[in-house]
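Novice: According to TrEMBL, the protein carries these features:
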TRANSMEM  20-37  transmembrane segment
TRANSMEM  116-136  transmembrane segment
TRANSMEM  142-161  transmembrane segment
TRANSMEM  186-207  transmembrane segment
TRANSMEM  227-247  transmembrane segment
TRANSMEM  259-282  transmembrane segment
TRANSMEM  337-359  transmembrane segment
TRANSMEM  746-770  transmembrane segment
TRANSMEM  776-795  transmembrane segment
TRANSMEM  807-831  transmembrane segment
TRANSMEM  837-857  transmembrane segment
TRANSMEM  1030-1051  transmembrane segment
């Protein structure tokens, strides 16, 4: 395009040059326009901080001005090889800054030599460039063009000043850099506008100053205009794709083979691609002119237009234009060719040496774009040069604490958890000092003690014994690597795993410390983040005399880093996972400092129809709902069975401290204790932290296998989900201001989702009645569809919970057959009416297509689509009957599952470790009769400091709850009152929806929407179809939600694939890091992480 802007070309005539210059300016501002749109989009959907007044746009002005004068004013007067290679000289200041950085550094490194050589080569390129063109034309105009070109490259090289601002230790520059990072979106808008305005001003002023007229743009022939704008489109699209693929290559750890080598060779490839057609055309012309036809004669013919046919195609004209730009040089003069080649090679080698440090960078998986590149805005005019100016941020090692809560897990469930912990031990041995991640495992066993008849002491129960036996089965050398500790909350077993990592089992006595899952979580939050993480800093701070002491500031910064790099992996006692699943979650938190929690893909395990239903339900929820939340806002619930939390986020204001709040009101029991993981995520979101979802991080957990357990589990989940969502929406305005990932459109999306959820029971009835086309039959069917839910609602208020579930099971079977009839009725109606353009048919087709395509995009999970039929026929059970059961039993705040626990495993033939470890023999604390202390490495008591910590923690938050019968009666009454109010509001909304729809259907066609009927082959007929507006509106809204989720899933799949490939590329390296150990482990339990 710059060649077409030169004075003499065959494609674009002299009087048509303003059109070519306009195309160059459009190509220059193309990236700025795209970046402007991106920043505006982020500001619309996310909050953005305003930059301070110190953040000036002076450098942006100089960069934009330098780019414009180089490409628009100067480069059209040079040959195409010089134009392609002079862009490499924009690395001049980067090389200088690298040399200066080495002198500021305490230790000078070996790569100070490449930037020094780079400076010499780039300066030598300038000298050869000046000599080369002054030999051709030694006049004032040429000197001005040469000067503008050199000044332009120097101005452009200021573009990456942020990369080196911290090297000069200038507070002003550092504050500007930090301010730009904080207000990246608004600064991006300002910088884009500055670049667009400066480029427009330069090209707008240059055209009349050069003696041309803008009115000639309209007189350009159509074929010429088409060629120009096709080139502009190719340049903009290819630059954007190049930038995106470079980022992807770096995230996928293909930096050398897929980024550096192609980009280094791109400039040489472009020059070769331009020169090759010139040589081919010269050889073809030599065949007709004779063997004595020289390159000088060829240039003379090109300059004078000899041999160019009037009917030449656009490609031939472009080749002649390229040749014409080279012809001012004497192609037979070795000196001139030497200057041309010498300056080009000097610039190219200088650029390569300036960026050679990138070869040694150790990038992390899915590195953030702002850590990969100095600037988020890429440069369209010098794409490969600007993209190489790369930034990298070193990462500190992180510590992951695995925190599992157990209660009544069975032997097999415990085995899954322990095996997973041993896998991690082998994956990251503690003996390797270069580990990027270290692990420590904790198991908090709730209500681990029991009373034995005839004894005043408390003994550990069979579930606790079962756990120790499982550990013994997995690790044969148990007795040699354990410590037994008596604690104020019960007791603790500490194990050193085969590869050096620690496993601690905390046995809780509910008479000493508060029991249930949320209080176990509070227990490990304070123990790990309060005691283990802060103890050494607290002890050190006490010795400091003044708070502003330099040592104090140093320790404070170190403590802040430790908080940010400490992660807690929340687990259930039956979770099964591979090391790769944990590492993929670690990547999310390491790359994005504003991420407070990340969850993986949860797979329910078990057998039977109830589990099959949940397999597809979980799949659809993760495929569509969680991906949409991740892409458009934040995930609202990170499940407690497998989620990674950042320590700094949990230690933030109003998170852990508020999480310790004891339920006092009726609504507190529902929000706090019925879905503790969702409430914790709500607190994180309200505090400004982001919650994410990683689809490649797989974890497996047992799902309810019988109908009763499933209904009792969802009886807790449904009210808790609604309570936390309403709480988040209630504070939506404040949350969107504090949380950059939660925008007002996302709040609107959640409002629509909860409306669809509330109206779910009525929608089921309407779907059943709407399957019949005849109005009279539809009215009767709607009435009959409403009768069973009303009856069941009344019975739920009168009968016991188990009886309610039994009736729900019977109704579920009836509704399953009715759903089959509904589907067949919709199909038969479409065939009878010879059209699929009815709301019910379109909705069913849309749902089927979206689910099938979504499943196809998850190849490993595609077989789950088989369970989709079971899910479809059970929709009334899951969204109608279950909703009624959950709402009516909202006042029941018991756990509902594992109340009796699974069967205890049979004891092994030889009682070894368990009999010696787990027997209570004292009064104050559960003690441990452990035989010979010398053989078992036993320490009876915790340190006095730790005992004081536990004692204080118990007094503050974890004292066993006393039963106040009067208070309990009040709470029971308040829970029933809350149940009655919420049930009334919930079902009156559904009743109003049904009445409105029924009324409109009864009125007839006077208030319906009339659309022309199309046959199955899309042929328009004279017949009309009448659709009630309310039903159409609801189906339309529900379809919009599905489409939003579908497009969110598509976007999420791309980046999940990138992350998975990045992890896979390092997999073999990670495996090789695991060293063999002499300690014997049962090998069959440590399956490879495939």
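In case you wondered, yes, glycine gets a Cβ from its N, Cα and C as well.
Remember, TrEMBL labels are computer predictions, not curated facts.
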Novice: Tally Cβ pairs under 8 Å between the transmembrane segment (807-831) and each listed stretch (746-770, 776-795, 1030-1051), then give the stretch with the top tally.
Specialist: 776-795
Novice: What same-chain residues lie close to the transmembrane segment (746-770): Cβ under 8 Å, and 6 or more beyond its ends?
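Specialist: 45, 628, 632-634, 636, 722, 725-726, 728-729, 732, 736, 778-779, 781-782, 785-786, 789, 818-819, 822, 839-840, 875-876, 879-880, 883-884, 986-987, 989-991, 993-994, 997, 1031, 1034, 1037-1038, 1040-1041, 1044.
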Novice: Give the one range among 142-161, 259-282, 776-795, 1030-1051 whose Cβ atoms make the most pairs under 8 Å with those of the transmembrane segment (837-857).
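Specialist: Of the candidates 142-161, 259-282, 776-795, 1030-1051, 1030-1051 scores highest.
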Novice: May I ask which of the stretches 20-37, 142-161, 259-282 has the most CB pairs under 8 A with the transmembrane segment (227-247)?
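Specialist: That would be 20-37.
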